[in-house]
Amino acid sequence: MSLEVVSAVSNSSLFQPGFSLLNFDEHTFLFGQKGWPKRSCPTGVFLLDIKENELKMKPAFFSNDSCYLPPLRYPAICKLRDNAESDEYQYIIHGGKTPNNDLSNKMYVMSLISRNSKKPTFQCIEKDLDGDVPEARYGHTINIVHSQGKSMSVIFGGRSYTPLAQRTTEKWNSVVDCLPSVFLIDFEFGCCTSYVVPELQDGLAFHVSVARKDTIYILGGHSIQNNTRSPSLYKLKIYLPLGSPAVTCTILPGGISVSSGIVTQTSDTEFVLVGGYQSDNLKRLVCNTIVLEDSDIQIVERESPDWTPDIKHSRMWFGSDMGEGSVLLGIPGANKQLISDANYFYILRCKGEEDKEELTAQICSQMSSTEDPRDSTPFEDSEEFCFSAEANRFDVDDTDTYNEDDEEDESETGYWITCSASCNIDNNTWVPFYSTEFDKPAMILCSRGAGHWVHAQCMDLSETMLLHLSEANVKYFCNEHIDLNKGLQTPKKVVPLKKQPMKPLRKKTTMKLTSPAKKSFLRRLF
């Protein structure tokens, strides 16, 4: 095993925990970029060129009949073939997080319809699902099994947000493990059926799954409920007879307690497991070989590469299967580089060039990322990648190569702006103030003029008011423009009231006089 350094590039900040790699015709594409797509690449999908240990990116395109595909992080992704021996395939994408941290329950089918490296074009179709539709989630896996001449998609694990009825203001965006149900999806008709397997007690997230024919092996995974990593090895066998499908599960010995692991395939029956975490804040630096033969699996420890001091001392790491026995690894470079979003990247090669051969088995693993403290304690969110790709070297025209320098600086136009004269939001010292915040401050649009964004905290908005404004269809004006807005408002036309003339009223006055007073009054009167 050899470890190579990939030179830092200006657009490496688009790589973040949760992105995916797609491989078509030995070309690798980035999906799930950081943030929403920008004008240089509105699709958010990039063709990658790794040449001479330098990474370049080129925008990809979608056909006019494609649906919109948001840049999803931590989705479940796998290849879909007509049969186990077919060379033609598409990609299935299910679930994941949007840049707004919303979760998706949609399923997409993505295929490459134009193989021109100068203008690669995809077609994306949203698949309609019916029946026991899996809830919106991320950190799960999807695999394709083949049995009795039929194929089905299998979804398991992951995390989702707490149901709305159970949310509180303090824990509005807290996450929970999904129920340990196994979902079978007939991809032709979109029918979903859930199965409860007694052997599966936890809805594991960021586990590794390897599928071969009608069998899926599930290894490791993190449970947020008890903050443990499963040491069990599960064998799911899917029977697809003419009638109803059947799902059986067997717990096998020899499992590994790991989450966020990366699996790369080195031969038809051999895989290598690298990366991940074995406990909180402790990376797993050991590598293993996984061998699948018929209905048997063997897991043995193998020689690890010579990890660099930066990798050893880094608190977290993330990575991806590049295909052909290679793995892309990354560590944060915030403390080492001037660009806070920059990362260091390495390529780990698990076999020599002469050992390359056609790979027929399918890998679908929630591949490594950092277990970022967001969902559990201390690793609330085992932020992982789900990659299945080959980053082979290929020549592409440097024309139209994506250059992040052409984009607007998010530090000036994004979350870390000086929104007002009293703004006190600092990228280096900011901590979440509202329960809905994760790694960026909450903002609200001021409707003055063309509109501009301000930090909710700088406007002294309470969390209740912020939630109300986000749900209500009303205009908001910041503290600096609220009075000015009132002054520029056209006064509403007031209809004058029609006054009725008042008529004099005669009132009868009754006076009760005593006898002496009555005599005096009568004298004055007459």
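The backbone N, Cα and C atoms fix where each Cβ goes, glycine too.
Features reported for this protein in TrEMBL:
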- C419, C423, H455, C458: Zn(2+) 1 binding site (BINDING)
- C446, H452, C478, H481: Zn(2+) 2 binding site (BINDING)
- 414-491: domain 'Recombination activating protein 2 PHD' (DOMAIN)
Between H452, H455, H481, which of the binding-site residues has the fewest other CB atoms within 10 angstroms in the structure shown?
-> H452
Beyond the site residues C419, C423, H455, C458: chain residues whose C-beta lies within 8 Å of the centroid, for Zn(2+) 1 | I417, T418, S420, S422, N424, I425, P441, V454, Q457, M459
State the count of C-beta atoms found within 10 angstroms of the C-beta of C458 (Zn(2+) 1 binding site), not counting that atom itself.
-> 20
Integer Å distance between the CA atoms belonging to C419 (Zn(2+) 1 binding site) and C478 (Zn(2+) 2 binding site) | 10
Among C419, C423, C458, i.e. the binding-site residues, the one with its Cα nearest that of H452 (Zn(2+) 2 binding site) is C419
Using a Cβ-Cβ cut-off under 8 angstroms and a sequence gap of six or more, which residues of the chain neighbour C446 (Zn(2+) 2 binding site)?
-> H452, W453, V454, Y476, F477, C478, H481
State the count of C-beta atoms found within 10 angstroms of the C-beta of C423 (Zn(2+) 1 binding site), not counting that atom itself.
-> 14
Can you count the other CB atoms that lie within 10 A of the CB of C478 (Zn(2+) 2 binding site)?
-> 20
